[in-house]
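In what follows, a structure is listed as structure tokens, so that the remarks can point back to it.
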Amino acid sequence: MRVAVFVLSFIWLVNGELLEADQDAVVPGDWTFLGRVGPLEEVELTFALKQQNVSKMEELLKLVSDPDSHQYGKYLSLDEVAALSRPSPLTEKVVENWLRSHGVMDCHTIITRDFLQCVMTVEVAEALLPGSKFHRFSKNTKTLLRSTSQYSVHEDVHQHLDFVGGVHRFPQKRKIVSKGWEGARQAILGYHLGVTPAVIRNRYNLTAKDVGTAANNSQAVAQFLEQYYHPADLAEFMSLFGGGFTHMSTVERVVGTQGGGKAGIEASLDVEYIMSSGANISTWVFTNPGRHESQEPFLQWMLLLSNMSAVPWVHTISYGDDEDSLSEAYMNRINIEFMKAGLRGISMLFASGDSGAGCRHLTKERNTFRPSFPASSPYVTTVGGTSFQNPFKLSYEVTDYISGGGFSNVFPMPDYQVDAVRAYLKSVQSLPPQTYFNTTGRAYPDLAALSDNYWVVSNRVPIPWVSGTSASTPVVGGILSLINDQRFLKGLPALGFINPRLYKMQGKGLYDVTVGCHLSCLDDKVEGKGFCASPSWDPVTGWGTPNYPVFLASLMD
């Protein structure tokens, strides 16, 4: 039997083509090499099949997201999205025949039929994907199977696939976008009394009555790798900080496997602050540690969303990676998945990152800024960060110097933001040199919130001075959930993909942040300074931070 499989496999090996030639296959320094994986060990690979009607879906998303369109808010069901995007019969047949020819039979798909997840031995995987060589790596208690060399597929299959998941991508070195910035920041900013739900609700003008009441409303956070929240931490947090407003102290639903280890500070932060800003609203937690050593947790989360007909309306995610560490094929395909979520009326919020404009060292003499993905996707709403100008009281906000922002090197600037971004580029006198950024790329963030010096309860311990855009993102997500709540009570649809409407509002309902810059490359040309805030939109804080009553009124039609 193995001989027959080999003969069939040999036929398919002729004239292979690289599928993700630009994918960074470098092993991050914090992962330890354990050696080659045995040929009979199993891997699970995810095959992203080419979809149909991508341009049509893009046009439909513009229509359902544009408040001036007669189709505004007329979202599609998952089945309707699946009917549009499903791969062609030829694509399905070619890919399935290719897999069967290698003896790969243990496969399952999802409702949209555009992803195939298949279990096979390493021996078969390496024959299927010439050039791949799987090794085992470890970090703390986590192990992964990955190939550090480029892979190809047969030329007849190449045109039918976007990428194969589970081959190259390591989890991001920082795990997710933000970290609890203790250490040096704690020593400098230790005098701050700290941001709590009461501070958030006061600053953004949320009253005790501004809580959820609609039965059909819901919101969610996503967690990856060893990031888990503990129910006891949430209950303790609400006991300490939830006075003065009606709230829930338990998560409605956990999707995935909730680990039994120590709570992660990021996971605690996400859950505690989406549930205190979007108070009294049903909250889900998507937890994706990866069931198999070869799985990619972020990709598994995307597949879950594509396979569930009923999901929360607002999702906040504090995850990101450098654009230049990912293949364009992968990013373009994930971008389409965000587009499909928008067609369903789902709001996807991503943290902008905690590295300012970032910095990539190209040569000894040349640096550029380093945009982050998915923050740079034109089909998500990206949230930046701010600090109080006066750390002792509720004062106006300035930029948080770590707040991520900039211009994509992969995605062109979408129509909805062209006027705002061009106005910024024309009006600001102290821009960084244009060799550092792409003036025609998707610019982010879109808006912001406080991201500095939060109180969090993790492992039953109250922890101060936690900072990052993983704090601001769930706060904005909760506020959008409150607006959805009011819309549902009036018979209006969910906000969905909010960016086209947000840019048409031109900052209405948002506090404009005009003071401060964020960090970037430490060289003699920019000297650590990236972009700076300015009146109207800017690539540090977007349009600004929420003024809830005005923001709500602006979004209630």
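From the backbone N, Cα and C atoms, a Cβ is placed for every residue, glycine too.
Here Swiss-Prot flags E266, D270, S470 as active site, charge relay system. Sequence annotations record features per position, and here Swiss-Prot assigns Ca(2+) binding site to D512, V513, D538 based on similarity to another entry. For C107-C118, C359-C521, C517-C532, the entry in Swiss-Prot reads disulfide bond. If you look up Swiss-Prot, you'll see 194-557 marked as domain 'Peptidase S53'. Residues or ranges marked as N-linked glycosylation site by Swiss-Prot: N53, N205, N216, N280, N307, N438. Sequence annotations record features per position, and here Swiss-Prot assigns signal peptide to 1-16 based on sequence analysis.
Here the features listed in Swiss-Prot are placed on the structure.
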| residue | record | Cβ within 10 Å |
| --- | --- | --- |
| N205 | N-linked glycosylation site | 15 |
| E266 | active site, charge relay system | 31 |
| D270 | active site, charge relay system | 31 |
| N280 | N-linked glycosylation site | 20 |
| N307 | N-linked glycosylation site | 16 |
| C359 | disulfide bond | 19 |
| N438 | N-linked glycosylation site | 19 |
| D512 | Ca(2+) binding site | 18 |
| C521 | disulfide bond | 23 |
| D538 | Ca(2+) binding site | 30 |
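The Cα of N438 (N-linked glycosylation site) lies closest to that of D538, out of the recorded positions E266, S470, D538. Taking the C-alpha positions, the distance from C107 (disulfide bond) to N307 (N-linked glycosylation site) comes to 15 Å. Ranked by how many other Cβ atoms sit within 10 Å of their Cβ, the recorded positions N53, S470 place N53 at the bottom. Sequence-distant neighbours of C118 (disulfide bond) (same chain, 6+ residues apart, CB-CB distance under 8 A): E44, L45, F47, L99, V104, D106, C107. Cβ neighbours of C532 (disulfide bond) (same chain, under 8 Å, six or more residues apart in sequence): T399, V428, S430, G516, C517, H518, D538, V540. All chains included, 21 other C-beta atoms sit within 10 angstroms of the C-beta of C517 (disulfide bond). Here N216 (N-linked glycosylation site) comes close to F488: these same-chain residues lie at least six apart in sequence, with C-beta atoms under 8 angstroms from its C-beta. Averaged across the domain 'Peptidase S53' (194-557), pLDDT for the predicted model comes to 94. Listed recorded positions near D270 (active site, charge relay system): S470 (candidates N53, N205, N307, S470, V513; Cα-Cα distance within 10 Å). The Cβ centroid of D512, V513, D538 marks the Ca(2+) site; residues of that chain outside this set whose Cβ lies within 8 Å of it are A448, Y511, T514, A533, S534, P535, S536, W537, V540, T541, G542, W543, G544, given in sequence order. Taking CA atoms as the reference points, N53 (N-linked glycosylation site) and N307 (N-linked glycosylation site) are 19 Å apart. Cα to Cα, C359 (disulfide bond) and N280 (N-linked glycosylation site) are separated by 41 Å. All protein chains shown were included, and the count of other CB atoms within 10 Å of the CB of C107 (disulfide bond) stands at 17. Comparing CA positions across the recorded positions N205, N307, S470, V513, the one lying closest to E266 (active site, charge relay system) turns out to be S470.
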